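**Q** Straight out of TrEMBL:
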DOMAIN    4-196  domain 'L-asparaginase N-terminal'
ACT_SITE  Thr13  active site
ACT_SITE  Thr93  active site
DOMAIN    217-326  domain 'Asparaginase/glutaminase C-terminal'
Amino acid sequence: MKPKIAILATGGTIAGVIDDAITTTGYKAGALNIEVLLDAVPQIKEFATIVGYQISNIDSSNMSNEIQLNLAKKINKLLTKDEIDAVVVTHGTDTMEETAYFLNLTIKSDKPVILTGAMRPSTAMSADGSKNLYNAVALAINEKSKNKGVMIVMNDRILSARAAVKTHTLNLDAFSSPNFGDLGYILDGKVYFYNTIEKLHTKNTPFDIDHLEDLPKVDILYTYSNDGSGVAAKALFENGTQALVIAGSGSGNIHENQKNILKELMKKNLIVAISSRIQVGEVILSKEDEDFGFICAQNLNPQKARILLMLALTKTKNSKIIQNFFQTY
Ligand code: ASP
């Protein structure tokens, strides 16, 4: 019997359309529905039984907590069924790494969950969506894909949700794992794994979103020279932000004036995690900052640190416990 795969469509360029084959910008993302996406890749039906669901049809720059929560709940429900062997999610590439990491922390199954998308709209000459979707299903049915956490497949690369970063605005080869490398690659439909991921994921996290309707408000502040007014930090805090991720300079540094303002807000219970605007490497905190309660995002980029921090806040406000989450997941 063929494995049964649920494909959940959320929109993005893979479902994008424009009326000429040469143009690969300015198209409408999230224009085609799941049936059209599946009809474009009839080959997958040769090795899997497919059931499709439309979750949303958006440009992923408009991704929301609400859609991410609905998606995770739907996947958790599908994967409890014996007859569903794996899930593939089609997603815009802009925020794919955030949704992938969110699912990596909230899916309670060791069955494969794979995200894929496209850099060129479906109407483009040399569109990449069909091959990416084919590869995603090939990975989803592979025995070795179980218990590896959520994965992304783009341009023949297999990337872990934790490591994957969109590192090019337009190229087909837009995703990489700049810190520790990809998990493997797919060639002519065959899956080759080379690396494993040690950070805990899926069933081995404490995050349970099935009864949540929303997530704590966490925002990101970017560091730059002359960044000392603190207007944005104060405004966000007054507007209900519970925690901030700082995209610090270098190994997680912040202008001292900005840091003093953050410290004042932390005394009023704002939680602050420090990441970096640099793509590769670790953030290092001084003993003094650690003792004050700043949380080190280690090598998680700001947008992924925000995802973990939102989920962490559903469990605790204790900065030491949250720091431990950053070490573990
Ligand atoms: N803006 C598009 C999106 O994220 C880009 C893409 O899918 O490649 O939905």
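Using N, Cα and C of the backbone, Cβ positions are placed for all residues, glycine too.
Heads up, TrEMBL stuff is auto-annotated, nobody curated it.
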**Q** Which entry in the list of active-site residues, Thr13, Thr93, has its Cβ near the fewest other Cβ atoms, using 10 Å as the limit?
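**A** Taking Thr13, Thr93 as the active-site residues, the minimal 10 Å Cβ count falls on Thr93.
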**Q** Please average pLDDT over the domain 'Asparaginase/glutaminase C-terminal' (217-326) for the predicted structure.
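**A** Reported value for the domain 'Asparaginase/glutaminase C-terminal' (217-326) is a mean pLDDT of 97.
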**Q** If you run the three-state DSSP split on Thr13 (active site), which class comes out?
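**A** Looking at the DSSP assignment, Thr13 (active site) belongs to a helix.
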**Q** Summarise the domain 'Asparaginase/glutaminase C-terminal' (217-326) by DSSP state, stating how many residues are helix, strand and coil.
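**A** Reading the DSSP string over the domain 'Asparaginase/glutaminase C-terminal' (217-326) gives 46 helix, 21 strand, 43 coil.
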**Q** Give the three-state DSSP assignment (helix, strand or coil) for Thr93 (active site).
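**A** Thr93 (active site) sits in coil per DSSP, no helix or strand.
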